[in-house]
Amino acid sequence: MTPPFSQLTTSLDDIARQGLYRSRRVIASPQGINLEIDGRHIVNFCSNDYLGLANHPDVVNAFKAGADKYGVGSGSAHLICGHSAAHHVLEEELAAFTGRDRALLFSTGYMANIGVISALLGRGDAVFEDRLNHASLLDGGLLSGARFKRYAHADAVDLGANLDKTLGRKLIVTDGVFSMDGDFAPLDELTVAAKKHDAWLMVDDAHGLGVIGEHGGGILEHYGLGQDGVPVLMGTLGKGLGTFGAFVAGSELLIETLIQKARAYIYTTALPAAVAEATRASLKIVIAENWRRDKLRQLSERFRLGAEQLGITLMPSSSAIQPILIGGSQRAVDISNALLAAGFLVSAIRPPTVPQGSARLRVTFSALHEEQHVDRLLDALAEAIAGSK
Ligand SMILES: *Cc1c(COP(=O)(O)O)cnc(C)c1O
């Protein structure tokens with residue numbers, strides 16, 4: 001008899017052979033632009049903590065005060081006895097911040113996405129997803145049991161052709177800022193297509209909220225869109241806001257429906273109240289400190305200009321996500337390792353996170369980086385890319 005799981009060895013070997021093996025790095029320091037890894041100090045260029053709030057003293061202090069006041073565990077799901085005053089006020093503040101009737105906290109963005117899509121759709125309905133959508137949106141669509149259609153990336157014409165052929169309830173779902181590419185969804189065109197075909201539009205603004213738009217209102221502020229054009233807005237709290245968790249914002253009717261029907265909301269423990277308190281502190285900074293968004297724009301522009309001068313081809317992104325397309329998975333890993341040896345953490349993103357043959361280095365900036373960090377990264381990148389040919 002073969003020992004249990006022995007077939008799994010073959011499958012792990014396959015993953016390794018394709019240059020797709022994943023492993024964790026152990027971080028010994030707080031999150032920030034400087035990380036300690038294996039006793040070495042590394043400059044971090046792959047965090048989603050775009051505004052540099054994950055270790056901000058106000059946020060940390062609010063978390064401590066929240067733990068003193070509420071304890072650590074939330075005790076149960078929101079619908080039993082886990083919905084604290086801290087959660088409740090944060091929901092009201094998020095609704096005000098996004099200009100929507102109501103907001104509903106979820107424990108993670110992944111759960112918000114699977115919860116929302118499967119609460120709104122079922123068999124007989126249809127979901128339309130950009131082919132580069134985040135895995136949690138794709139999984140939510142599949143889990144819902146609705147007919148699942150992918151349209152070409154950022155292509156409202158292809159979407160429209162798909163919508164033409166469909167009857168029943170329709171939900172269009174898109175990343176706001178694409179997580180692995182950094183480009184924006186064409187929300188102006190998608191809202192028109194949604195109206196024309198009587199479909200709902202859901203935007204996942206994990207990478208736009210707090211970061212994009214003059215006041216940090218995200219991709220919807222960028223396009224000047226409200227609850228009418230985009231009835232379902234999902235945002236995460238673990239990226240621009242620097243803490244943890246997620247929310248969905250929209251009409252009273254939407255939120256009440258989610259409370260009754262979203263299984264990923266109902267059947268899970270509420271996130272700790274102290275995290276909600278920390279998020280309230282970080283939301284205040286997001287609203288008050290425009291310099292963080294300005295700084296991010298300046299750093300991204302400096303990087304793009306410098307990369308062009310060095311002949312490094314970037315993808316068309318105007319966000320804090322600036323990927324460098326490499327192609328082969330093993331080559332992307334080799335370059336990432338060379339950068340780490342030079343003192344820079346830039347992760348190699350490989351399939352199935354991105355399409356086959358499009359492995360890339362995903363460079364992200366933080367408002368806490370300085371111009372000299374960007375310049376040093378550019379030098380190291382030029383060297384690492386040349387060394388891997
Ligand atoms: C990170 C991310 C999520 C998941 O959010 P978590 O809170 O980390 O679970 C969902 N959608 C997009 C586009 C993301 O980038």
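Placement of Cβ uses the backbone N, Cα and C atoms for every residue, glycine included.
Automated prediction, rather than curation, is the source of TrEMBL annotations.
When Arg17, Arg22 are compared with the substrate site residues His134, Thr353 in TrEMBL, the one appearing in that site is Arg22.
For the pyridoxal 5'-phosphate site, TrEMBL records Gly109, Tyr110, Ser179, His207, and the single candidate of Thr166, Thr236, Thr243 listed with them is Thr236. Proximity to ligand 1 (Cβ under 6 Å from any of its atoms) holds for these binding-site residues out of Arg22, Tyr110, Thr353: Tyr110. Counting every protein chain shown, the number of other Cβ atoms lying within 10 Å of the Cβ of Ser179 (pyridoxal 5'-phosphate binding site) is 21. Taking each Cβ in turn and tallying the other Cβ atoms within 10 Å, the top scorer among the binding-site residues Thr236, Thr353 is Thr236. Between the alpha carbons (Cα) of Thr236 (pyridoxal 5'-phosphate binding site) and Arg22 (substrate binding site) lies a span of roughly 24 Å. Here pyridoxal 5'-phosphate is bound by Gly109, Tyr110, Ser179, His207, Thr236 per the record. The longest Cα to Cα distance in that group is 14 Å.
The Cβ neighbour count for Arg22 (substrate binding site), using a 10 Å radius over every protein chain in view, is 8. One way to see the shell of the pyridoxal 5'-phosphate site is to take the Cβ centroid of Gly109, Tyr110, Ser179, His207, Thr236; the remaining same-chain residues with a Cβ within 8 Å of it are Asn48, His134, Ser136, Asp204, Ala206, Gly238, Lys239, Ala246.
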